[in-house]
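As structure tokens, the structure follows; a few thoughts come after it.
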Amino acid sequence: MSLLTKNDASIDVQNYIDRVYEKMKQKDPNQDEFHQAVYVIFKSIKPVLIKNPHYIKHNILERIVEPERLITFRVPWIDDQGNIQVNRGYRVQFNSAIGPYKGGLRFHPSVNTSIIKFLGFEQIFKNALTGQPIGGGKGGADFDPKGKSDNEIMRFCQSYMTELANHIGPDTDVPAGDIGVGAREIGYLFGQYKRMRKSFEAGVLTGKGLLYGGSLARKEATGYGAIYFVKEMLNNQGQTFAGKKVVISGSGNVSIYAMEKAIELGATVIACSDSNGYIYDDSGLNVQTVKQLKEVERRRISEYALIHPSATFVEGSSGIWSIPCDIALPCATQNELDKQAAQKLVDNGVKIVAEGANMPSTADAIAIFQDHKVQFGPAKAVNAGGVAVSALEMGQNSSRMSWSFEEVDQKLQQIMKDIYQNSINAAEAYRKKGNLISGASIAGFTKVADAMIEQGVI
Ligand SMILES: NC(=O)C1=CN([C@@H]2O[C@H](COP(=O)(O)OP(=O)(O)OC[C@H]3O[C@@H](n4cnc5c(N)ncnc54)[C@H](O)[C@@H]3O)[C@@H](O)[C@H]2O)C=CC1
Ligand SMILES: O=C(O)CCC(=O)C(=O)O
């Protein structure tokens, strides 16, 4: 497949991009999600390479798609029945050009090398966009936390950390949460790391509890940050959240706090989901009930409709995109929004789609949004607020300070504004006016590529 059009001004650039892309696919043929993430970046940065051929001379593309390190390991643990279980653990340390590796841990049965690599690759550019000194990494395990007791979760986390501890540290690699890893898991992971090191290194993990070095507003940061980003998109059109109907997929950390902030800014959030199905209430969802069900009781979203009879539960999560709305925020998982779902949203008049999850839209879905001039906010910009506040947590830990909620929230708002503006500016500089996919990729890529060049061939 050619990534460039035949009419492209520079055949050399076309050949280079295609050669690196094909070689990468040949080396790792079964990594579709990783290929998808690379494809988006390569497509977006084509004009950058045409204008700055030194990136080709330094062979940045071939270097950037190869992780600095990919670690896999056995995670044995004992379940409540006394059986020995074995999972596979991962950590990809993708790129440290601008800082220590930084990125979350995902515990989900679907986790494999392709998923971890796509997430780690995305993290490189996202972290660069935040303006914070953090490189790109990601990790996790094919462990399914669903239905596990607290003790099983603890034993799994302790076993996982027993190996991971060999590879991380406050100036080396700083993991955090992602799907299936929240405050409870970070607590168990931190406890085991501390026990092994015999020292209290708060900065080794972020998303920690407030009692032992966590930052206020980290829990809220990804969801709030996504809404602050959409606020900028709306502002650009002279609009606000007031009166807008919003559909948000998922009902986890990102979705809950996106919901909370959107409602605070005057929107009506009419639907959210989990992997079993979605709930819908045209008069608006109650975020406190969603929090109680999901954060506290760890129950299914279907139970929301038993508490609020005005809401309907529908089985099957993908149906959520057939609900008419002004703003759609996919905040659950990768490739949850496909071509058919995108067409449905467009037919129903959606104005803005912004990705709270990592790579939730397929390439075909994005093409439909672009063809129909739907404003589109890409994940690496929209959901960067979480990792940005993680970097603020690292800063607080190393200076032994802790900032108020308002201070962190103010910084988060400024970071999201800057990401929006830098993405807009980068797009405009490369004649892609208004295209936030190109702008975010270009702004993230140039920063990392320049730092790589300054540090030599390593
Ligand atoms: N937690 C964070 O700070 C950040 C998370 N992200 C991304 O946001 C997304 C969500 O992560 P979290 O909220 O942290 O995870 P979480 O584990 O708190 O929640 C995930 C939610 O998605 C639901 N879900 C899973 N598959 C689904 C499907 N096919 N359809 C509908 N719902 C589904 C789950 O039931 C759960 O409610 C992921 O893509 C993650 O990589 C991105 C940046 C930061
Ligand atoms: O806070 C972090 O370090 C990681 C957040 C994350 O995993 C992500 O941005 O996808």
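Using N, Cα and C of the backbone, Cβ positions are placed for all residues, glycine too.
Note that TrEMBL annotation is computational and uncurated.
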In TrEMBL, LYS102, GLN123, LYS126, SER390 are given as binding substrate, so which of GLY177, GLY180, GLY439 is in that site too?
GLY177
Given the substrate site residues LYS102, GLN123, LYS126, GLY177, SER390, which other residues of that chain have a Cβ within 8 Å of the mean position of their Cβ atoms, reported in sequence order?
GLY103, GLY104, ASN127, ILE134, GLY137, LYS138, ALA176, THR206, GLY386, VAL387
So which of the binding-site residues GLY177, THR222, ASN253 sit close to ligand 2, that is, with a CB under 6 Å from an atom of it?
none
From the recorded positions listed here (LYS102, LYS126, LYS138, THR222, SER390), select those whose CB sits under 6 A from an atom of ligand 1.
THR222
For the substrate site made of LYS102, GLN123, LYS126, GLY177, SER390, how many Å separate the two farthest Cα atoms?
16
Around LYS102 (substrate binding site), which of the listed recorded positions (LYS138, ASP178, THR222, ASN253) come within 10 Å, judging by Cα atoms?
LYS138
Candidates GLN123, LYS126, LYS138, ASP178, SER390 (recorded positions) passing the 10 Å Cα cutoff around ASN253 (NAD(+) binding site) are ASP178
